[in-house]
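Listed in Swiss-Prot:
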type     : residues : note
DISULFID : 2-19     : disulfide bond
DISULFID : 9-25     : disulfide bond
DISULFID : 16-52    : disulfide bond
DISULFID : 18-40    : disulfide bond
DISULFID : 27-38    : disulfide bond
DISULFID : 59-67    : disulfide bond
């Protein structure tokens with residue numbers, strides 16, 4: 001149930017939703033707490049790497065495998 005790039009995402013869940021192609025949920029923040037215009041967007045490589053690491057740590061039902069790193073660490 002990944003969301004296509006440009007698709008609407010839930011700002012309450014912010015980065016915790018799965019967006020296709022290493023995307024993440026980006027919102028406009030109004031007055032620091034109201035979020036609007038939330039869409040799945042493609043970030044730079046550095047942005048999505050950081051967001052994916054945060055997502056893996058913070059999101060309750062996160063699936064870090066959805067963060068397709070270009071340099072995946074080798075499994076031992």
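Every residue gets a Cβ built from N, Cα and C, even glycine.
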Among the disulfide-bonded residues 18, 25, 27, 38, 40, which residue has the largest number of other Cβ atoms within 10 Å of its own Cβ?
25
Which of 2, 9, 19 has the fewest nearby Cβ atoms, counting only those within 10 Å, among these disulfide-bonded residues?
2
In angstrom units, rounded to an integer, how far apart are the Cα atoms of residue 40 (disulfide bond) and residue 25 (disulfide bond)?
5
If you compare CA-to-CA distances from residue 18 (disulfide bond) to each of the disulfide-bonded residues 2, 25, 27, 38, which comes out shortest?
2
Would you mind pulling the DSSP three-state label for residue 38 (disulfide bond)?
strand
Cα-Cα, whole number of Å: residue 25 (disulfide bond) versus residue 19 (disulfide bond)?
7
Fill in the CA-CA distance, residue 19 (disulfide bond) to residue 27 (disulfide bond), as an integer in Å.
14
